[in-house]
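What Swiss-Prot records for 2-133 is domain 'DAGKc'. According to Swiss-Prot, the feature ATP binding site maps to T40, G66, D67, G68, T69, I70, N71, E72, T95, an assignment based on sequence analysis. If you look up Swiss-Prot, you'll see L215, D218, L220 marked as Mg(2+) binding site, on the strength of sequence analysis. Taken from Swiss-Prot, the feature active site, proton acceptor covers E271, and the record attributes it to sequence analysis.
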Amino acid sequence: MAEFPASLLILNGKSTDNLPLREAIMLLREEGMTIHVRVTWEKGDAARFVEEARKLGVATVIAGGGDGTINEVSTALIQCEGDDIPALGILPLGTANDFATSVGIPEALDKALKLAIAGNAIAIDMAQVNKQTCFINMATGGFGTRITTETPEKLKAALGGVSYIIHGLMRMDTLQPDRCEIRGENFHWQGDALVIGIGNGRQAGGGQQLCPNALINDGLLQLRIFTGDEILPALVSTLKSDEDNPNIIEGASSWFDIQAPHEITFNLDGEPLSGQNFHIEILPAALRCRLPPDCPLLR
C-alpha cells in the first residue's frame, strides 16, 4: 500500500465499544498507516484535539461520530490559523449521519476510514450564525427542530432516524408554527413557518431532503420554508415528492436574516440555538474535506 501522512481520529465517546471500528483501525495500522485516536468526553474536547493534531503535523483530522461530532471538528478546523491546516475526514457513527450520507460516505467502516485518510481533499463551504456558531450541514427551525432536540436518546439508539418521525407523531397536539420574517439576496418572506431548512447540505432529521438542491461548494445557502396551518400535512410532505407543493417557499442566497416576535429555536447540525434574531452567512471554501469522487453535493 502507498504511504499516507498520519491522521488523528476524534472519536465520540459513545462509540468506544465499536469492535468493527477497532479492527479496521488495527488493520490499517498493520498496513503501515499512522492513525492517532482521541476520545471525546465533554464539550470542547474536539477543539483541544484539533490543536493537538496541528502539533502532531497530521494531514487529516477524522470526525468519528454523528452530525454533532462533524460539526465540532469542522468548526475547530476553520478556526485554525496558518498553513498546513489538516483536512476533514468523516467516519459516520451517529444516529442519523445526515451529512455523511448525503455526500456519499460509505456505510462500511473500513471503506469510510480509508476514504477519510486517502480520499481527495476538496474545499467546501461552511455556514456561520450570528458571527459565532457554525454548521456544516443544515440549520432547521420549526416543529422539526423541536422533534430532533427532544427525541429520547434511547429511542434514537433503538430506531435510528425513524425515531424522529415516531416522536414527531407523538407530539402533534403540542406543536405550533413559528411566525417570522426572512430576508436574503433578492428574497423576502413573512408568515407562519411549520418547517424552515437553511442548507449547506441537503438532508436533516434522519434522511429528510429539506434542501434537495443544495451544494457544498457553490457559495450559497439553500432555503426551504414549509407553510400551512396543520402540522401533519407538512410532515407528510417531507416524506414524499413535493415539487408541486404550494406550501413550499424556496430561495438561495449567500446570507439570510431571520427575525421573530418570539423566541424560536434552530437546530445547527444537532445543536440547538434559540433567539429572536439570526444572521446566517456562508463561508466559502472554509475547509478541505476528503470526499468520494462521485460526491453528489459538488458542483
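Just so you know, glycine gets a Cβ as well, placed from its N, Cα and C.
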Taking every protein chain in this structure into account, which of the recorded positions D67, D218, E271 has the most other Cβ atoms within 10 Å of its Cβ? D67
Among T40, D67, L215, which are recorded as binding-site residues, the nearest neighbour of E271 (active site, proton acceptor) by Cα: D67
Return the residues near T40 (ATP binding site), defined as same-chain residues 6+ apart in sequence whose C-beta is under 8 angstroms from its C-beta, sorted by sequence, else 'none'. I10, L11, N12, G13, A46, F49, G65, T69, E72
To the nearest whole angstrom, state the Cα distance for the pair D67 (ATP binding site) and L215 (Mg(2+) binding site). 17
Within 10 angstroms of the C-beta of T95 (ATP binding site), what count of other C-beta atoms is obtained when all protein chains are considered? 23
Could you state the whole-number distance in Å separating the C-alpha atoms of T95 (ATP binding site) and L215 (Mg(2+) binding site)? 23
Distance, N71 (ATP binding site) to L220 (Mg(2+) binding site) (CA atoms, angstrom): 18
Please report how many Å separate the Cα atom of D218 (Mg(2+) binding site) from that of N71 (ATP binding site), as a whole number. 19
How many angstrom lie between the most widely spaced Cα atoms of the ATP binders T40, G66, D67, G68, T69, I70, N71, E72, T95? 17
Averaged over the domain 'DAGKc' (2-133), what pLDDT does the predicted model reach? 95
Can you break down the domain 'DAGKc' (2-133) into helix, strand and coil residue counts using DSSP? 55 helix, 33 strand, 44 coil
Same chain, not part of L215, D218, L220: whose C-beta falls within 8 angstroms of the C-beta centre of the Mg(2+) site? Give them in sequence order. D125, A214, I216, N217, G219, Q222, A252, R299
